[in-house]
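S.K.: One structure is given below, represented as structure tokens, and several questions about it will come after.
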Amino acid sequence: MGCSSMQWKISFLLLWVGGQSQEFLNPGLFISPESERSFETWKSIINEQLQETEATFDLKSLLHNVFAALKSSSFPTAVAQNISQQCLQDSQLFVHNLYTNQSLWSFQMQESTAKLPPGLFGSYNIHADGLFDECLAVQAPGFDGQYCSVFFKPTAVDQSEILPPAETNDIHEGRRNFITLFQILGRILGSDRIEPKVSVADSNTYLYPSTTFCLPSSCSAADLGQAVAELIGSYVIANNSLVTVTDEQYCFKANEDPPTFDGVTITVIVVLSLVGLLVVSATIHEAWRMYRGVDFDIRKDGKVWSALHCFSILNNGRKILSMKVSTGASQDNFGCIHGIRFFSTCWVVMGHNFMLAAGKTMNPNAISKDFKTFGMQTFGNASVSVDTFFLMSGLLVSFLLLRELDRNKGKFNVGLYYLHRYLRLTIVYAFILGFIATLIVYVGTGPNWYDVHVYSNACRNAWWRQFLYINNLFPLDPAYACLGQTWYLAVDMQLFVVSPLLIYPLWRWKKWGLIWLAFIGLACQASIFYIYVKDDLPATLSFTRADSLATSAIYFDHYYVKPWTRAPAYLVGIFAGWFLHVTKHTQSRLPKPLVVLGWTLSAVVGLAIVYGLYPYVDASKVPEISSAVKMTYGPLHRTAWACVIAWIIFACSRGYGEGQSQLLMNSVLEMAPDSEGNWWKLKSNIQEQLNANYEESFDFTSMLENIFIALKSSSFPTAVAHNITQQCLIDSQFYVRSLYTNLTLWALQMKESSGNLPPGLFGSDNIHADGLFDECLAVQAPGFNGQYCSVFFKPIPVDQSEILSSSESFNDNNEGRSNFITIFQLLGFRGSYRVEPKLSVADPYTYILPSVSFCLPSSCSATDLGQAVAELIGSYVIANHSIVTVTDEQYCFKANDDPPTFDGATITVIVVLSLVGLLVVSATIHEAWRMYRGVDFDIRKDGKIWSALHCFSILNNGHKILSMKVSTASSQDNFGCIHGIRFFSTCWVVLGHTWSYIGSKVMNPKTISMDAYGWGMQTIINASVSVDTFFLMSGLLVSFLLLRELDRNKGKFNVGLYYLHRYLRLTIVYAFILGFIATLIVYVGTGPNWYTVNLYSNACRIAWWRQFLYINNLYPFDLYYSCMSPTWYLAVDMQLFFISPLLIYPLWRWKKWGLLWLASVIFACQAFIFYIFIRDDLPPSYIPTRPDCNEYETVFNYFNHYYYKSWTRAPPYLVGIWTGWFLHLTKNSPSRLSKILVTAGWTLSLAVGLAVVYGLSPYVDQSKVPEISFAIKITYGPLHRTAWACVIAWIIFACSRGYGGFVNKLLSWKGFLPLGRLTYCVYLIHYDYLNVFYSAMRKQFYYTIFGQVSTYFGFLVTIFGLAFIVSVTLEAPFLNLEKLIFSSKPKKSNSQNGNNSAHG
């Protein structure tokens, strides 16, 4: 690589400054064409840093001549000489349309081309990417868009390559009008020139700095490479030139033909198809047998049917999800290995995730800084997780082979020993490798899809190495890097091959076997020491140290992937397996001090391995790591880690694991209303009026020419404002001078931190231009720091009385500031009318308005920014509208902002949480001490005080939450399927809310809308019916349990406890979370959208009493009072629960009249829903893709009159009450439904369920169906939620009565028990977690369905993890305490399950 960061920055500036001539609409434009001092200063800076350039020239004359003739952009193929004629013509057609006709496709093409890499100066980002999908969507006359990447590689220049002056003419073939700023900047860098070079791409090309262009499809990669080489490749900088690298693999077109199927691909497809046919056939066959009630019997069915049965999804799914432990495994007592394997796999994935993400971020410097923190050492040292697997592999091989030798008196089948291992690993490995080698290239596309092709080709090249398990013995080569992580499989297989030579002597000759094993272990350890000394390897591979990265290739090739250097952990495993085998029947126990010592030592060693190198991660603080550290930590830390894991397995398997063993042995380890469409309606309206009012044409290019000649400053608004504070004005103009006169780093960093045009404005309807948040806040200028502020724009109609006369019109040339003309004022050329600029007050919905972000001096206020921008754009009248500027201090952020002060409410919450934390810690320590002493807990002996403290123990509560045991009462009720339904419905709720948040957080919102038109996305759009699932289950459980209580007590139940238990069950943990959100959540982070966190936090301070009275749904929706938005469901559920005895008791007391009463209430509620839909003309459902569903009045009526009200959401709850009554009435009935009736029930429920979820898919696109018929509105709208409740009611009935088949087996899987216990806490925390996540997000992200689904699953894991913490420390303790308090009283009611409260 060998190129300094300054050279990279110069190469990007060469490209970027050339691009400025085409960015006349960019509100972040900074050009000073008349200021030769700027370039002279820059020249001196380059001279100082590169110590090369000595040429001088008349820059002033050059710049005047160039800008007078400027007709084009830096679009490289528009100014190239040695490229294809068609490419040149199409490129110049693009330029002509961009500046003369201003065609939409040319704007879309221009914005799809990359600019400067965001974070080049502040975050060391060297990759400038454009807009991939927007480019490929370009359809121009005669060509389409093509997205291409070009890379830059520095090479040393020999003096013989330098051209004489006569051969260095940049102007050729009459293209004087296509002079670009590439050539201008090149003159600053010295007079030496060479012939530009283009290099061939290789497997490491992606590491080089790059930029992307949206080219005409007629251009080839060679054309682009040659064009860019001509622009920047001829300049000599510090005896280096920049070689351009590109290839057809880096270019993508929308209409590209996929790779043709070759023989290998066809073979893989045929094999996978045959396996798929077997899987489908076997599954159908087993389902049919289950329907007929015929069990599988290998003796009766024979080998053929038995072989087919092996492929059944039902059979294999049941085995995979089974919680049963085999007799042999239970006797070995290695249950903890499952937990260790799970957590270690997660650790591996986590490490790879961070490793692969490093090259895909726009702020790599932030990753480097994070990895220098103490906490991130867990990620940095994730590679020791691999040694955990080596240890476990050696242990299990040793233990199982020794058992086999015992069983067969020293004999074992050597052939089967190796064959079983090879087949066990290789079959599924071969299928995955075959898919990657052939079919993976067809599954998608993207700007970096060439990586997929590289890895796919690598598998075609190296498949034989993989299947022989020798891929680790070859030097690292990306061309053969197939399934890179499988080096581990190769090492493991090689060690497995030699393992009998180590294990058999342990069985046959114990003493000599141990000596032999120790000798091999020491020999391997000695080889590691030798390699470390010979190659001077770092202690470990640290991604934050250049000296470590410099030796990375040697580190991997000589040490990391070789079996002899990774063997010690495996050998420790062999020894551990032998020791566990010989001591498995021993009755002796280790003394407790020795156990404590073992755990203490393993904890200390483990922590030392993970965090021991923390003092050395920052090379700026510790330039060199001492040899002593290298030679102790490096060769020994992996072996030491293996010893730690060996102790954990030994301790857990021998009964010394206590709480750790319990954990490791656990078997289960709305589309929101968005008014952006209103802005685009206005835009369309304005364009129509402009076309009508301005029929004359004008020379737009000449206008731009005049502006550029006079341009002295940027669009930095506070540098050109009139009515702002003096200090803000002084600092802003100082910034402008520093940027163009001194070119200081902080000024460049500040400039790149401001938003430009919204990426995707023309192609993806993005109306938010964000900057670089952290980079802005890191700016430290003389006298001020950086401040990141957002400003929003709102169109308002203009009254004729507001229009100013000519004499009053706003004067752009006031106070001698004529040199500060800005691009904002280009809007003014579209008409002569002016009004006084206006500022507007922010409201909760401001965030949906178009916006741009600025990096301001910290001396400026939000009012300064608002006034400055208003002066620039707010005075112009366009189509009888003016633009009102909206900003507020809540939209401005500084690095040194003081956090909110602690008020009384905050202090109260801190004190209460601290007290609970103290109780939790005390109880956990107390229980751990009792476990250490072997004293069991007994409520009768310990008394109320110790029992109350015990309620808060994490060990006790964690054990209960993770337990798979089903109580006797629950098993008799046979409602196991409810756990699965609850879990999946909660996931569905989170799924819907995840998508509802992203509308204003992505740079391509149009893609979301296009995806939402698809049939498959209706699952997300209609996620709100998951709420009706919870209403149904809530009503069912309340009814069933209260009826059972009435049976038990002959018609009586304790009404007070009935309501009190329900209130306490829901409210206590609810109150803790609400208190945290109202006070402490604002301190957990920051980000450019953090004002939404403050908004929701403040809402909880205002509306807390509504929440705790469960009446928040009775008020009109208002974001100022929107505390924990999804809790409207809790309010509805509590209100329905409150009246439930009035419906359930008559069912018990007077069956016939009770049913009539319940039916009348259902019909009354249903009739009122019909009335609401007709009165307010509501849509059949909230369809976010239809503008008619997004009109303010429609959204308001739908949610406030229908969606949030208990009387309109009651029908599913009432269906649940009826279902609970029916299940209670028939629980002991011996009668069975006929198979035909069961089939009809499942068929009907499936049809209705699919109709509810997908029934509106023909209506999601309003352009195809402008209006939804009244019949659809009035049938689907009022009935679909009740119908969905009936579907879920059937599923619960069928599963509980034995008609569920494989559906019941799936939903009743015991793994859903602990997950189901967490759903209430998931429901309470997920929405605000999503708010915090997206508010802290530094920039908009590019949406893809694949990326969003991956993010969603990450959310699920994180939210369930947080829910476990909340449940084990807050929810479970107070449930235990409540149970303890009322334990002395008769148990009157247990008629609700709190976990049925979850909403979307």
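Indices start at 1 and increase along the chain as displayed.
Positions of Cβ are set from backbone N, Cα and C atoms, glycine also.
Because TrEMBL annotations are produced automatically, they should be read as predictions rather than curated entries.
Pulled these features from TrEMBL for this protein:
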| type | residues | note |
| --- | --- | --- |
| DOMAIN | 84-245 | domain 'Nose resistant-to-fluoxetine protein N-terminal' |
| DOMAIN | 725-886 | domain 'Nose resistant-to-fluoxetine protein N-terminal' |
| SIGNAL | 1-21 | signal peptide |
| TRANSMEM | 340-359 | transmembrane segment |
| TRANSMEM | 379-402 | transmembrane segment |
| TRANSMEM | 422-443 | transmembrane segment |
| TRANSMEM | 487-507 | transmembrane segment |
| TRANSMEM | 514-533 | transmembrane segment |
| TRANSMEM | 564-582 | transmembrane segment |
| TRANSMEM | 594-614 | transmembrane segment |
| TRANSMEM | 983-1000 | transmembrane segment |
| TRANSMEM | 1063-1085 | transmembrane segment |
| TRANSMEM | 1128-1148 | transmembrane segment |
| TRANSMEM | 1312-1329 | transmembrane segment |
| TRANSMEM | 1349-1370 | transmembrane segment |
S.K.: Counting Cβ pairs under 8 Å that sit 6 or more residues apart, are there three or more between the transmembrane segment (564-582) and the transmembrane segment (514-533)?
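M.R.: Stretch pair touches.
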S.K.: Is the count of Cβ pairs under 8 Å between the transmembrane segment (1312-1329) and the transmembrane segment (487-507), pairs 6 or more apart in sequence, 3 or more?
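M.R.: The answer is no, given that the two segments have fewer than 3 Cβ pairs within the 8 Å cut-off.
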S.K.: In the same chain, who gets a Cβ under 8 Å from the transmembrane segment (379-402) while lying at least 6 residues past its ends?
M.R.: 332, 334, 337, 340-341, 344-345, 347-348, 350-351, 354, 371, 412, 417, 488, 491-492, 495-496, 499-500, 503-504, 506-507, 540-544, 560, 566, 569-578, 580-581, 609-611, 613, 617, 637-638, 641-642, 645-646, 649
S.K.: Same-chain Cβ contacts of the transmembrane segment (340-359) under 8 Å, 6 or more residues past its ends?
M.R.: 127, 206-207, 367, 379, 382-383, 385-386, 388-389, 392, 485, 543, 645, 648-649, 664, 669
S.K.: Let me know the model's mean pLDDT on the domain 'Nose resistant-to-fluoxetine protein N-terminal' (725-886).
M.R.: 78
